[in-house]
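Just below is one structure, and these are the notes that go with it.
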C-alpha cells in the first residue's frame, strides 16, 4: 500500500513539474524547408552568429576566442550546393575569413560539409524573428548554433534558444560578445 501511494505521489509530482517546466520533444523541432534538391532562397543572405550550446564546454571551445562572426549564404553552382563565406572577428581584433561548401543530401534535410565527411548539419526554424538554429554533429561533438539576421536580436530570442537547448541535454552555453564592429565580409 505504501509503495502505491508513493508511486502515485511521484507520478503527480512529475505531472506538475512537467507542466511548469515544459521541454519540447526533439521531434517538435521544425526542420527548415530543405528538400534535398534545392536550398530555399529565404535562407540565403547575411547571418550573424549569436550563441552556441552543447553538452560540454569542450564542444564550444572553438568559439571561445571569437567576438563575432558574420556569414553570407549563397546558392552554389549546382542546386544542391550552398556556398558559405564568413569573417570571424577575434577578441584580439583580428579578422579571419573562412569559406565552406555545403551539399544537400537528397531525400534528407541534412547538409554535408565538403572536405569534412564526418560532419552533419541540420537546420531548424526558430521562433525568433529572423532566427535560424543549426545542429552540428561530427566526430566527438554535437552543438546547437543560433544565428540571426540582426547582430543584436531581442534578449528573449537568446533565452528561448538557451531554454530549448538545455532541454536537449546541452549543459554548456556560449554567447558571442559582439562588442567589436563586425569585419568586412569579402565578396569572393
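Each residue, glycine too, has its Cβ placed from N, Cα and C.
Taken from Swiss-Prot as is:
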type	residues	note
DISULFID	23-167	disulfide bond
DISULFID	95-183	disulfide bond
DISULFID	128-157	disulfide bond
CARBOHYD	135	N-linked glycosylation site
BINDING	136, 143	tetradecanoate binding site
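Sequence features, as recorded in Swiss-Prot, placed on the structure.
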{"residue": "95", "record": "disulfide bond", "contacts (Cβ under 8 Å, 6+ apart)": "87, 88, 89, 183, 184"}
{"residue": "128", "record": "disulfide bond", "contacts (Cβ under 8 Å, 6+ apart)": "146, 148, 153, 154, 156, 157, 160, 161"}
{"residue": "135", "record": "N-linked glycosylation site", "contacts (Cβ under 8 Å, 6+ apart)": "121, 122, 124, 142, 143, 144, 145"}
{"residue": "136", "record": "tetradecanoate binding site", "contacts (Cβ under 8 Å, 6+ apart)": "119, 120, 121, 142, 143, 144, 145"}
Three-class DSSP secondary structure - residue 167 (disulfide bond): helix
Disulfide-bonded residues listed as 157, 167, 183, least Cβ neighbours within 10 Å: 167
Local backbone state of residue 157 (disulfide bond), from DSSP in three classes: helix
For residue 143 (tetradecanoate binding site), the number of other Cβ atoms found within 10 Å of its own Cβ: 22
In three-state DSSP terms, the structure that residue 95 (disulfide bond) belongs to: strand
